[in-house]
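Colleague: Sharing a structure with you now.
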Amino acid sequence: METLLGGLLAFGMAFAVVDACPKYCVCQNLSESLGTLCPSKGLLFVPPDIDRRTVELRLGGNFIIHIGRQDFANMTGLVDLTLSRNTISHIQPFSFLDLESLRSLHLDSNRLPSLGEDTLRGLVNLQHLIVNNNQLGGIADDAFEDFLLTLEDLDLSYNNLHGLPWDSVRRMVNLHQLSLDHNLLDHIAEGTFADLQKLARLDLTSNRLQKLPPDPIFARSQASLLTATPFAPPLSFSFGGNPLHCNCELLWLRRLERDDDLETCGSPGSLKGRYFWHIREEEFVCEPPLITQHTHKLLVLEGQAATLKCKAIGDPSPLIHWVAPDDRLVGNSSRTAVYDNGTLDILITTSQDSGPFTCIAANAAGEATATVEVSIVQLPHLSNSTSRMAPPKSRLSDITGSSKTSRGGGGSGAGEPPKSTPERAVLVSDVTTTSALVKWSVSKSAPRVKMYQLQYNCSDDEVLIYRMIPASNKAFVVNNLVSGTGYDLCVLAMWDDTATTLTATNIVGCAQFFTKADYPQCQSMHSQILGGTMILVIGGIIVATLLVFIVILMVRYKVCNHDTPGKMAAATVSNVYSQTNGSQPPPLGGIPVGQLPQAPPKVVVRNELMDFSTSLARACDSSSSSSLGSGEAAGLGRGPWRLPPPAPRPKPSLDRLMGAFASLDLKSQRKEELLDSRTPAGRGAGTSSRGHHSDREPLLGPPATRARSLLPLPLEGKAKRSHSFDMGDFAAAAAAVPGGYSPPRRVSNIWTKRSLSVNGMLLPFEESDLVGARGTFGSSEWVMESTV
């Protein structure tokens, strides 16, 4: 019976095991171990029905994306876990916490971006960790903390690693293989491989390493090494594909005996591209450091930050250190910070920082130094209110003692608070929107003041502003204030205390004041409006002045050239037609002989009309008549026409000047006529001399006359003009008289008008007619004639 029950129980257990195998998986029950094989089954996640007693689990070649904490829970007996060739991008922390028996973990060919601190937590017996061909960009410092002493094989190749937790690698004392090839490593910490005595394979191929730290482990990679022990096996070392900087720092590596590697140099330029093992040792050289730039002197106010700069060059790049004035090596602390580029920042300066700071630049070839002189301006420290009440040992109260004494007899009493006394020693005046004048006074018995310090801050801001003032000044103008704001201001005195060898300070006094309000927008608008108004006013004044000036000129012109009504009524003029313009004279029928036509006389010159005043003609006639004898004047007075009384003498003008010249010419001609009339021979000669005028000779007189010398005449090559008399209708009337025309006996008496013409001729008139016509031509006009 017992045998039957045992058989049934064994059959049930076997059936249960077979039934627990996941779908699409193969479960093998080999003696005491159970293996679950699910490779390349298209799984999207870890099957939840996996037997928790599984020893070997293979899930490679699937499409698993995420690993959770429940996927491998309670699999304490799992020894080998393969998750290769999936698309795993995230592993939840503590997902492998129950895999305490796991020896081998394969996570290669996935998409893991990083390994966190708790990603591999719980793998206390892990020996093989394969994480190659991922996208690892960083590994946490404690990611390998649980299996540092048990790990034998670590493969991190074909990732994007810029660095490793080298401290953790240093403690992997049982490590046999370390694959770090095809990454972005550019630095290996010195002493990383010092304790890896069991390391048999080290692959650093295809990284960005420029140098390797010297380590005794690399001596086991020499080809001549024949002795090997299980505790110190030969080292297979590969570091090809790195841009090695072949200088004196790699001279130790060059001295190793290797004959089968093809490493090349990446720098310097003289060795670039050459095989590392073919370069002579003499060519591995370095350059000593040279400081190219540094701070020389620095003046800093106590309590403020200070920056000291020091730059150096060399091969290899030198390291820069700073030494304080007390020969102390300056490092990173809460008050100082040293950067890789050689800059030293002192965040808060003290009096102990005053002195020379030394910059030391050192490399494998030597060192260089430079000194930076730092001067700290010590600030006086404000004492509390309780210390002001009792006089200190340095007699600080003497500064304000005078103010107390001066007001001691004022009846204020001894009960007045002592703190109110120093406040009255400071006076603020001349307060504007952005400035204020501060004045203070101290007693003569006070110690010798070294310097004054002015402290003030805005009532809306807690920032305290300091101003250092020489001891010789007792007033100071505070500028750059904010308008419409209250300020608290205190004046402190500082001097050297001989007892403590420190700077002693005390408050001289305090005051409060408000700056005036400012309205910049309104003020600017007012100035703009005022400026525009001034421009308009000035422009209006200029325009009005110009208008008045123009009106005055017009009125003056009209007054000077206006003819009076009496003269216009008395004057009779006649139309004169040029002898060469082709016009016909008007008919003379009905006009009696000796009667003047009622037409204004004109002289035509180049089609330009120019009227001369009547006074000019009268002045010419009066000057001509005055040269005659008294008998002739009496004869003219008895004529049928009487001349009106002479007009007032006109103002000097061009017309008057020309008339004067004409009068002088006529006067000379009249004298010659008088001489000719007295002698018969002379009369005939005079008649003949004036009766033949050519077209080229002016009628005003011979070429040598004074009028001709003043009036410019055309030359031979130009149109010829002559000066002639134009008597208007007198010529026509004389022509109508039977008997033809006779030359005038006295030409000067009929010079009432002048005409410029090409063919001038002398018109015949009797002397009696001219005397009567003189009253008619009271006003004359000049007409310019066009010539053909």
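Note that Cβ sites are derived from N, Cα and C of the backbone, with glycine treated the same way.
Since we're looking at a predicted model, the values are computed, not measured.
What Swiss-Prot records for 642-651 is compositional bias 'Pro residues'. Swiss-Prot lists Cys310-Cys359 with the feature disulfide bond, giving sequence analysis as the kind of evidence. For 242-288, the entry in Swiss-Prot reads domain 'LRRCT'. Residues annotated as domain 'Ig-like' in Swiss-Prot: 289-375. Taken from Swiss-Prot, the feature region 'Disordered' covers 383-423, 620-655, 668-711. According to Swiss-Prot, the feature repeat 'LRR 1' maps to 53-74. Under the heading repeat 'LRR 2', Swiss-Prot lists 77-98. The repeat 'LRR 3' feature in Swiss-Prot is assigned to 101-122. As annotated by Swiss-Prot, repeat 'LRR 4' applies to 125-146. Residues or ranges marked as repeat 'LRR 5' in Swiss-Prot: 150-171. Annotation source Swiss-Prot lists repeat 'LRR 6' at 174-195. Feature annotation from Swiss-Prot assigns repeat 'LRR 7' to 198-219. Annotated motif 'PDZ-binding' per Swiss-Prot: 785-788, in sequence order. The signal peptide annotation in Swiss-Prot covers 1-20. Summarising the annotation, Swiss-Prot assigns topological domain 'Extracellular' to 21-534.
Quick one: how deep are these features, and who are their neighbours?
Modeller: Note: Cys310 (disulfide bond) has non-local neighbours Ile291, Gln293, His294, Thr295, Ile320, Trp322, Gly342, Thr343, Leu344, Cys359, Ala361, Ala370, Val372, i.e. same-chain residues 6+ apart with C-beta under 8 A of its own C-beta. DSSP assigns Cys310 (disulfide bond) to a strand in the three-state reduction.
Across the domain 'LRRCT' (242-288), DSSP assigns 16 helix, 9 strand, 22 coil.
In the predicted structure, the domain 'Ig-like' (289-375) carries a mean pLDDT of 91.
Secondary structure of the repeat 'LRR 2' (77-98) per DSSP (helix as H, G, I; strand as E, B; remaining residues coil): 0 helix, 5 strand, 17 coil.
For the repeat 'LRR 4' (125-146), the residues of the chain that approach it from at least six positions outside its boundaries are 84, 100-117, 119, 152-165, 167-168, 172, 179, judged by C-beta separation under 8 angstroms.
Panel annotation: around the repeat 'LRR 5' (150-171), residues 108, 124-144, 177-189, 191-196, 203 of the same chain, lying at least six beyond its termini, place a Cβ under 8 Å from a Cβ of the stretch.
Outside the repeat 'LRR 7' (198-219) by six or more residues, the chain places 157, 173-192, 225, 231, 233-245, 249-250, 252-253, 256, 266-267, 316 with a CB less than 8 A from a CB of the stretch.
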Colleague: For the repeat 'LRR 5' (150-171), give the DSSP counts of helix residues, strand residues and coil residues.
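Modeller: Going through the repeat 'LRR 5' (150-171) residue by residue, I get 5 helix, 3 strand, 14 coil.
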